[in-house]
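Here's the structure we're looking at; comments come further down.
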Amino acid sequence: MASSASPRSATATAVVAVVVAAALCLHGATAQLCEDYYDDTCPDAYDIVKQVLIQAHESDVRIYASLIRLHFHDCFVQGCDASLLLDTVPGMQSEKESPPNNGSARGYEVVDAAKAALEDACPGVVSCADILAIASEISVELSGGPSWGVLLGRLDGKTSDFNGSLDLPAPFENLTELQRKFKDVGLNDVDLVALSGAHTFGRVQCQNVAAGMADRLYNFSGTNMPDPTLDSAYRAFLSRRCPKNVNGEVLNDLDPTTPDTFDNHYYTNIEVNRGFLISDQELKSSPQAQGTTAPIVDRFAGSQDAFFASFAQSMINMGNIRPVTDPSQGEVRTNCRRVN
């Protein structure tokens, strides 16, 4: 049985592990990202965002997981520039409308609320891209996970990349494809396994396990058979939740054991073939996983502290994907849904 440390001790471990990385500014050609970026211009920024999230969570238990997904889907498309938040306008189709996001990405209204509160306190100071980064850390910590020093100072981009969002990591992809997509944005296997651990809480639609290329219950890889790596008892449970050819939007817990807690149960589930998505189970069961991602899954399943420390560092790594810091290329939007 894998050990599970208390959230507080694990959080402390994660903070120690990443404190050096978080404390340092990252110097680019035109600017830098720094943990204390808003200390003089908007010192209460973190607490303002936190209060908005706590209030939102009172009526929406899913919101913390949803906000992390927004940050992930934003950073993987032309960098962490809040391009995902832009609405469609003539000549520019929004990333929100692409298949990976349409009908499933959510939490935009909470980002809007955080932005409005920040504009009241510190007009024109805190970017939407930084709001996503701050909200992700707060969401994890409030759910029992680690905390980390969020590097800040991103500007908001001025364009949305609909076509780029079509190539987001998908729930039906094999390990080779997932590794390629992470490598393309400068992330490695540890980042892949650690960031996938965000599936330790939140919900997922039936269509991501029972339909099309994501089907694990009825027609896995065109075989007209279930995925052989899926635990039979768990498969029977999911089949009751997601009958064939029925409403694909029915929601399921990504982690059936502790669905709203940020812990390492995602990995202990994978160890016993109870990963929900194809992309989850691939990290352990793919032939290519042996010697690459599978040992990382094993390590995180056996030590929540190890997972928390790696997750915190990987969130910092992801947050550093191509940030916009040049004022000629970006801005601080007053409304996250449109350019100024």
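Using N, Cα and C of the backbone, Cβ positions are placed for all residues, glycine too.
As recorded in TrEMBL, the features of this protein are as follows:
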type	residues	note
SIGNAL	1-31	signal peptide
DOMAIN	32-340	domain 'Plant heme peroxidase family profile'
DISULFID	CYS42-CYS122	disulfide bond
SITE	ARG69	site 'Transition state stabilizer'
ACT_SITE	HIS73	active site, proton acceptor
BINDING	ASP74, VAL77, GLY79, ASP81, SER83, GLU95	Ca(2+) 1 binding site
DISULFID	CYS75-CYS80	disulfide bond
DISULFID	CYS128-CYS336	disulfide bond
BINDING	PRO169	substrate binding site
BINDING	HIS199	heme b binding site
BINDING	THR200, ASP255, THR258, ASP263	Ca(2+) 2 binding site
DISULFID	CYS206-CYS242	disulfide bond
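For the binding-site residues shown (ASP81, ASP263), fewest C-beta neighbours within 10 angstroms: ASP263. Scoring each of the binding-site residues (ASP74, ASP255) by how many neighbouring Cβ atoms lie within 10 Å, the top position goes to ASP74.
Apart from THR200, ASP255, THR258, ASP263, the residues listed for Ca(2+) 2, the same chain places the Cβ atoms of PHE201, THR257, PRO259, THR261, PHE262, ASN264, HIS265, TYR266 within 8 Å of the centroid of those Cβ atoms. Cα spacing between CYS122 (disulfide bond) and ASP81 (Ca(2+) 1 binding site): 20 Å, rounded to the nearest whole number.
Note: THR258 (Ca(2+) 2 binding site) has non-local neighbours THR200, PHE201, HIS265, i.e. same-chain residues 6+ apart with C-beta under 8 A of its own C-beta. Spacing of GLU95 (Ca(2+) 1 binding site) relative to CYS128 (disulfide bond) is 15 Å (Cα to Cα, whole number). Calculated from their C-alpha atoms, the gap between CYS75 (disulfide bond) and PRO169 (substrate binding site) amounts to 12 Å. A straight line from the CA of CYS42 (disulfide bond) to the CA of PRO169 (substrate binding site) spans 35 Å. Spatially, by CA atoms, the recorded positions HIS73, CYS80, PRO169, ASP255 include one closest to CYS336 (disulfide bond), and that is CYS80. Note: the Cα of CYS242 (disulfide bond) and the Cα of ASP255 (Ca(2+) 2 binding site) are spaced 16 Å from each other. Ranked by Cα separation from PRO169 (substrate binding site), the recorded positions ARG69, ASP81, ASP255 are led by ARG69. Using a 10 Å Cα-Cα cut-off from CYS80 (disulfide bond), the recorded positions that qualify among HIS73, ASP74, HIS199, CYS206, ASP255, ASP263 are HIS73, ASP74.
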